[in-house]
């Protein structure tokens, strides 16, 4: 699925949580320490001889502006090109010699750099992460070389219609806000980004109050804290709200007309909620009830939902996948699809009927099945030190803490049928539909028609 999508959790009232006794699920404790400069260290000792350790930064494309969009992603490319202490070749050789693996990725709200290594090489790995993050050489020749690499990456993204759909959707539904920016940035800015732009972004956003050092695997918390003090202890705190501009959802209908495409690629959405909104877990249950289907891969890891079973009978529908994307103050919830033009009406009507069913007719048996599936999926996502490390870092940035598994289980179990119906009614039936489609777009109806269909179904 779209690599920049994310699910979220929410904070319910203690009254609701108290009604449910958490089931016993053994998971190691996540320990968190905050250094005097605001830099947070979070670890989970899952055992073993290897570990994953990463730096998670509250800085992504939404913290950019119309003059430097693409800088966060450009920095991701530059991080591995050398520092005053380590040449590019020396860095690559050092990482290889200790048997480590370095990686990085950028999203709209955050940037992550992490290393997978043997436990005895954790200190050296943190040294490397700190060095490439804070002391990158940003040599002109390397900037020019990576400029070409990024432009080629942009050309590849332009051929990935799934990426295109979500980029044009964000561009219109959050128009006028940095959340609308693409992660790679426009080509005209990529061609002009220079060392001053890159260094300025580091100085502004790579601050201790906006960073988390997370580790999972065979790790000792006190030892990791000492590493953080050694390599990040002198980092300035910074302002956690720097250049954050709250986004407003604006209903849109955006079309990328490509007449030669045999299929229509698109997303139909309504406004979702933020990471911390009290309705988010209910929407995650609803998302599970919507389901997914891919003609090449089947129904995914879960049993097919009623919507998936219905759409699988239509030979013109290649892919549909529900999603719940969360940001700090808003979100998008809906369905991504790949379908033949003659199947579009069936697809739209089937999704709308499912929305109405969720809001008006969902029963306890279906909700219970969805909650069990959600429990299982969330636990399966944490198989290995790398996904655990990523989950720790993400939750620290989103919630300020790691939500314990028993607490999360209790929150999911506390969702009632009526609560789910109420949330789905507010979000799906009372929300305003937006759509982004690529292909033979004349086969996609206008938003007013879709809204009219939804009204008639109720």
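A Cβ is built for glycine as well, from the same backbone N, Cα and C atoms used for every other residue.
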Select one of 29, 109, 120, 153: the residue that Swiss-Prot places in the Zn(2+) site alongside 73, 77. 153
Near the Zn(2+) site, what residues other than 73, 77, 153 in the same chain have a C-beta no further than 8 Å from the centroid of the listed C-beta atoms? 70, 74, 76, 106, 146, 149, 150, 184
So which one is it: of the recorded positions 76, 153, which has the fewest other Cβ atoms within 10 Å? 153
If you draw a 10 Å sphere on the Cβ of residue 77 (Zn(2+) binding site), how many other Cβ atoms land inside? 18
Tell me the Cβ contacts of residue 73 (Zn(2+) binding site) under 8 Å, same chain only and six or more apart in sequence, or just say none. 61, 106, 150, 183, 184, 185
